[in-house]
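J.: Provided herewith is a single structure, encoded as structure tokens, for subsequent inquiry.
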Amino acid sequence: MASESKTSEEIARERLIDLAAEFYDQFDRGEIPEMKLPTRTKSNIEYDEDSHVWVYGDRTSTRSANSVRGARKLLKAAYTIEFLARQLDEDRSSTLRELYYLSESWDAEEAHFSDQDESNQLVEDLEIVSKVTREDFHMRPEESGATLMGPLQIREQTRRGERKIHCQGDVGEGGYQIPNNPDTIEFLDHDIDFVMCVETGGMRDRLIENGFDEEYNALIVHLKGQPARATRRITKRLHDELDLPVVVFTDGDPWSYRIFGSVAYGSIKSAHLSEYLATPEARFVGIQPQDIVDYDLPTDPLADSDINALQSELDDPRFMTDYWEEQIELQLDIGKKAEQQALAARGLDFVTDEYLPTRLDEMGVI
Amino acid sequence: MTSFQSTLGEDEGIAEELAKGQREISIAEFFEKNKHMLGFDSGARGLVTAVKEAVDNALDATEEAGIQPDIYVEISEVRDYYRLVIEDNGPGITKEQVPKVFGKLLYGSRFHAREQSRGQQGIGISAAVLYSQLTSGKPAKITSRTQGSADAEYFELVIDTDKNEPEIRTSKTTSWDRPHGTRIELEMEANMRARQQLHDYILHTAVVNPHARFELREPGLDEPMKFERATDQLPEQTSEIRPHPHGVELGTLLKMLAATESYSVSGFLQEEFTRVGAKTSSKVIDAFRDRHFGREMTWKTPATHESDELVAVVEDAIANKGKGPTAAFAEELVDIVVGKDRIAHEELEQIVGNVAESVGAETDTSFGDTVQANVVEALWPVLTEDREGDIYSLVDEVTTTKKSDAGKVSISRSIATQFAETTGPADRATHDDVDEFVTWAAERTKERQDETYGETARENIVDALWSRMRTVSDDVPKVRDIADDRDVARDLLEGMRETDILAPPTDCLSPITAELVEEGLKKEFDADFYAAATRDAEVHGGDPFIVEAGIAYGGELKSEGSIDLLRFANRVPLVYQQGACTITHVVKDIGWRNYGLDQPGGSGMPNGPAVLMVHVASTNVPFTSESKDALADVPAIQDEVELAIREAARDLKSYLSKRRSLQKRRKKQDVLGRILPQMATKLSEVTGREEPNIEGALARIMNNVSVDRDVDDGKVTLTVKNYSSTNEAPDITDIVSAEPSGLNGDATVVDLDGEWFVKWSPEVSAGESATLTYSVAQDASFDINVDGVETEKLTVNA
């Protein structure tokens with residue numbers, strides 16, 4: 001394991017330096033330094049038949065020193081490459097936020113990042129061009145705080161040594177917190193029938209309180225809104241390595257469908273990592289627009305931004321299936337949205353006693 | 001008035017009473033009471049106006065004599081008054097003329113002439129004399145020496161305001177150091193509050209008279225203000241012209257008709273107007289005939305197969321001429337008529353006349369006037385039988401397919417009726433008549449068919465009809481008859497206006513010319529950019545005029561506040577009443593943002609470091625008042641002013657946009673010049689290699705021309721790479737400290753005191769490069785200089 005990770009670090013370092021060398025050569029040849037990247041918009045993602053995930057298409061955009069803006073980006077890239085290469089050399093790691101603040105210490109003022117989005121994006125750019133993941137650059141996001149709860153025993157390689165943890169027995173009600181690099185986890189043993197990813201904390205707590213995980217041998221993954229990479233990565237590993245069905249349970253609004261989309265199909269921003277992060281077999285439980293109608297759930301009207309988001313999902317290749325088209329059209333038609341917790345209108349146990357068993361049965365999961 | 005009327009019966013002597021108080025007012029007396037009209041409304045203003053009048057006269061006099069003007073103005077304080085002295089080097093004024101020129105209002109040679117000159121009414125300088133005598137009581141002192149005379153004449157004179165005649169107080173000969181010229185000295189009550197306007201006046205005069213030299217001394221100046229000559233070129237001499245037919249008004253025309261010695265209209269037009277020759281005069285006369293007599297409608301002639309019928313009609317109309325001649329006449333006539341496409345009444349009369357002559361001669365028969373008239377009378381109704389059908393085909397041709405056939409039939413029938421019933425036998429109508437016919441017919445059609453013929457449709461029909469109508473050849477009235485009849489004169493005037501006539505000759509005008517406008521601006525304003533435009537001559541009220549505009553921008557011009565507007569009329573600066581002037585109105589209406597100048601609110605005076613000058617030269621400049629401060633809003637002049645300004649402003653715009661793009665480019669180059677080296681440094685750190693050369697990349701990014709030097713063992717290679725999208729021809733001078741040898745290509749070497757100037761001017765197409773090689777001793781040093789490429793577009797690495 002140790003030698004393996006060292007190799008990936010070496011590869012990461014090498015690739016970064018190769019990238020710098022490419023810029024160098026461009027200068028030397030009297031050419032304008034540039035970096036070609038796939039265009040990261042929904043019009044440039046396509047379904048990969050082999051891996052069943054959505055990846056970037058052929059369209060590329062160029063960051064070129066031709067303009068002042070492009071030149072600044074490349075200058076920042078050069079500084080970031082140097083920083084990452086040294087970090088790998090010294091076997092240290094840092095967070096994305098630290099990188100943003102660290103840029104303030106660079107001597108070239110033009111190289112300072114103006115906000116964290118910019119530094120995050122640059123790291124993603126470097127991932128794409130060098131084909132090395134952020135984790136291998138030793139760049140961490142801030143803890144997302146997403147958790148697992150269910151009949152699973154794991155071994156985690158922490159900086160303070162190995163830990164063996166049972167994700168039901170050894171943890172409190174809060175569950176087991178997913179580490180930033182879930183590849184340091186080894187699955188030891190489990191009793192899981194299916195993995196259920198839940199969007200909101202309120203619903204996750206309801207399921208635990210009602211003992212849903214125990215009753216159905218379910219591993220509850222708390223997504224905490226738009227899931228972090230680590231959350232999506234561990235979900236994928238649970239599916240691939242333990243051969244478990246994965247279902248996603250979210251609110252019934254367009255933003256929540258995107259949460260499902262990023263678990264199942266990969267996100268547009270990180271489509272270069274879809275193969276590594278997306279679980280194409282994941283399925284959507286609800287809340288479906290159909291449920292709003294069937295269970296007569298308490299609702300809020302769709303805001304204009306919701307309607308725009310739904311319209312835009314209709315153009316999104318990830319949602320171009322009969323199921324989604326039907327559901328989205330229905331939602332636009334009724335003009336309503338509902339939260340997961342709207343199910344409580346039928347009593348606190350309705351979700352665990354009635355809604356989920358019925359839905360999961362329909363889907364053939366239980 | 002009413003009160004007088006009510007008492008009229010009681011006191012019959014009232015009119016006589018009033019008459020006692022009525023007397024002739026002398027013109028001098030009138031202006032004494034209306035000083036403001038002449039620009040003498042205040043002491044401050046009076047001084048400026050007096051200087052202006054005297055300087056204008058001086059410039060006119062010198063130019064007329066072909067002398068380069070040298071004008072001296074001095075203002076000094078003398079006890080309670082100001083003394084004004086103006087001297088010129090003009091031709092001088094003869095002893096007889098001096099008192100009249102300076103001592104009589106409305107005396108001048110220019111009022112009646114259509115020729116550009118500064119003064120026009122002949123009141124200016126005598127008004128100054130009058131003002132001086134009214135405020136200080138002192139006579140004007142005039143010295144004048146004509147060329148070649150041994151002595152100068154000296155006068156002291158005042159104006160007798162009752163009689164408007166000069167009153168000479170002193171007259172003697174004196175000596176004067178100028179070989180020729182005129183000097184006037186006036187004392188007046190005044191003040192220097194209008195110092196700025198005075199300076200402006202002199203400065204602006206210097207701008208538009210780059211051929212003149214000025215010197216101004218006044219108490220507020222430590223040093224005299226001097227304006228030197230920028231050109232030896234005197235303004236073109238102007239010549240007088242006759243009025244242009246497009247410019248006269250009815251009253252003027254009537255006066256000219258009454259006064260002319262010409263007998264015929266044609267002669268009158270050619271004699272009294274400019275740009276009218278035989279051809280133009282006949283065009284004008286035809287246009288007059290169309291208005292005065294109307295045109296005759298032409299009708300479609302019958303088809304050939306109807307000839308027999310026509311022959312029969314003609315034969316029936318001729319009595320007692322014998323069978324043979326009658327048949328010959330009828331056949332010949334019908335042949336000609338049928339051979340024509342359309343025919344008008346007058347034309348028919350002419351043809352009948354011709355046939356009568358030719359057949360008459362052949363058959364030895366006389367077809368007299370009566371016979372001819374009978375034939376026409378018999379034939380015309382046959383020829384005009386189908387007016388309706390003829391008009392229908394015209395209407396059908398010019399109306400849209402949307403109009404119903406019934407409507408077209410209806411309107412055609414109504415028009416045909418009008419021709420048949422209201423035009424007399426000859427189907428003769430003026431354009432106005434035809435217009436009425438069609439309007440009436442359209443109304444009837446609306447009533448009967450409920451189909452509307454709108455304005456455009458009606459106009460199309462009128463145009464179609466009018467174009468088928470023929471100008472008649474009736475004799476036009478004689479000049480004296482027209483002179484007595486306003487209505488006929490009005491027809492003639494309209495005919496003159498309608499006819500296209502060449503613009504008046506411009507030798508009566510003396511524009512400054514764009515080149516000298518620019519020169520004048522350069523002389524007096526220190527700016528970065530100058531542009532000027534001179535328009536072609538146009539006509540207003542029979543007077544030709546030319547508008548010129550010039551712009552100076554940037555440099556030392558003040559950048560805060562609105563631009564400076566300099567207005568000129570016939571080379572005279574207008575310094576008062578800017579707001580009332582049409583030039584100002586035009587400037588304010590132009591959207592200056594389009595031309596790169598700041599203009600708050602998008603209208604009004606633009607802001608920025610600019611001077612805009614506009615010069616209107618005309619044989620008769622339309623001022624808003626006698627004081628000649630502002631041009632009146634005359635549309636023709638406004639249009640030209642606008643076009644002239646826009647023309648000059650377009651150059652300004654391209655200059656400014658180029659400047660902005662160069663500024664942007666410089667900024668980009670500055671930023672990239674900082675970023676790219678930092679990037680290169682960082683890259684060399686990461687890769688552990690030497691710093692890369694980034695000049696090529698930089699030049700390529702900036703689409704620049706780059707010049708690189710490579711020295712290898714005494715072998716020097718200069719490479720010019722053109723990364724721009726246009727061809728470039730840089731002039732490269734490489735100054736070498738040792739003698740170069742083995743030059744390739746077309747470079748030349750000049751030895752200058754131990755320094756060798758290698759000169760090389762390669763033509764480098766877009767995307768291409770050129771190289772120069774030469775050999776030189778090892779320790780040589782180089783100093784390269786590149787010209788012919790804008791600094792912003794150049795990357796030198798040599």
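Cβ atoms here come from the backbone N, Cα and C positions, even for glycine.
Automated prediction, rather than curation, is the source of TrEMBL annotations.
Feature list, courtesy of TrEMBL:
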| type | residues | note |
| --- | --- | --- |
| ACT_SITE | A:Y101 | active site, O-(5'-phospho-DNA)-tyrosine intermediate |
| BINDING | A:E199, A:D251 | Mg(2+) binding site |
| DOMAIN | A:72-138 | domain 'Spo11/DNA topoisomerase VI subunit A N-terminal' |
| DOMAIN | A:142-191 | domain 'Type II DNA topoisomerase VI subunit A all-beta' |
| DOMAIN | A:194-360 | domain 'Topoisomerase 6 subunit A/Spo11 TOPRIM' |
J.: If one measures from the C-alpha of A:D251 (Mg(2+) binding site) to the C-alpha of A:Y101 (active site, O-(5'-phospho-DNA)-tyrosine intermediate), what distance in angstrom results, rounded to a whole number?
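T.: Their Cα atoms are separated by 35 Å.
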J.: Give the distance between the Cα atoms of A:Y101 (active site, O-(5'-phospho-DNA)-tyrosine intermediate) and A:E199 (Mg(2+) binding site), rounded to the nearest whole Å.
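T.: Computed Cα spacing between A:Y101 (active site, O-(5'-phospho-DNA)-tyrosine intermediate) and A:E199 (Mg(2+) binding site) is 31 Å.
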J.: Among the binding-site residues A:E199, A:D251, which residue has the fewest other Cβ atoms within 10 Å of its own Cβ?
T.: A:D251
J.: From the DSSP assignment alone, can you count helix, strand and coil residues within the domain 'Type II DNA topoisomerase VI subunit A all-beta' (A:142-191)?
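T.: Once the DSSP states are binned, the domain 'Type II DNA topoisomerase VI subunit A all-beta' (A:142-191) shows 3 helix, 24 strand, 23 coil.
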J.: Do you know the DSSP helix, strand and coil residue counts for the domain 'Spo11/DNA topoisomerase VI subunit A N-terminal' (A:72-138)?
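T.: Once the DSSP states are binned, the domain 'Spo11/DNA topoisomerase VI subunit A N-terminal' (A:72-138) shows 50 helix, 2 strand, 15 coil.
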J.: State the count of C-beta atoms found within 10 angstroms of the C-beta of A:Y101 (active site, O-(5'-phospho-DNA)-tyrosine intermediate), not counting that atom itself.
T.: 13
J.: To what whole number does the mean pLDDT across the domain 'Spo11/DNA topoisomerase VI subunit A N-terminal' (A:72-138) round?
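T.: That region's mean pLDDT is 87.
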